[in-house]
Amino acid sequence: MRFQVKLVMFDLDGTLLDTAPQIAEAANRMLVALGKPMLPQAQIATYIGEGVQNLIKRCLTGSVQVEPEADLFAQAQPLYHDFYTANATQSQPFAGVVPALQQLKKQGYRLACVTNKPEKFTLPLLQQAGLADFFEVIISGDSLPKKKPDPLPLLHICQKLGVLPAEAVLVGDSETDIQAAHAAGCFVVTVPYGYNQGREIDVATVDATVQQLTEVVNLLELPALLKQGS
Ligand SMILES: O=C(O)COP(=O)(O)O
Ligand SMILES: [Mg+2]
């Protein structure tokens, strides 16, 4: 059975773009500047997906539950932002991303991007990777009062495009995406190659999984009226 949807929303980090190398490099340059030990890229990758503030906090303390000292956190933020600004646009799309977006667009699906990344990074990254023009709407972690796992960014995109949440799917890499999609009432499909805090996705919590994005189109079907072009 295929999911009848008009709108396909994509997470960015760990789904469209392999941002972990550049995020880890920026985080490590921040840690060195603060006189702290560097962390392995694989560890920093598990901190991606809940926004930049959480990433910085976890690099400083190893936990989002443990708050870094306020002065240290204040010092860390501009350092991370400067270092990440310097290398962010080097991130490359994962295998299958470009053909998948081309095919979905050609078949008439509406496309959007919804990330917890700050706005100032999102568009340059998508532009540099040649992906920006695929998306009618791009929502970042600081575009709205709430970010994923809150449903607000997904509901906002649906409303803006005049699509019901039940006629939309979010393709993502993490439990943050799954929770946001469930709360919004959208379908959710996940990829296994992303960052999900170092954990495997629980397949019981998603509508489908794909190995790469080229498989997404085979899971979907446009509602009948749209297929007839009316
Ligand atoms: O947490 C981030 O900065 C980015 O996360 P996302 O693109 O996977 O939502
Ligand atoms: Mg992600």
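The backbone N, Cα and C atoms fix where each Cβ goes, glycine too.
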* Same Mg(2+) site per TrEMBL - residue from Asp142, Asp150, Asp173 joining Asp11, Asp13 -> Asp173
* Asked: Of all the recorded positions given, Asp11, Asp173, which has the fewest Cβ neighbours within 10 Å once its own Cβ is left out?
  -> Asp173
* Structure fact -> DSSP, reduced to three states, assigns Asp13 (Mg(2+) binding site) to strand
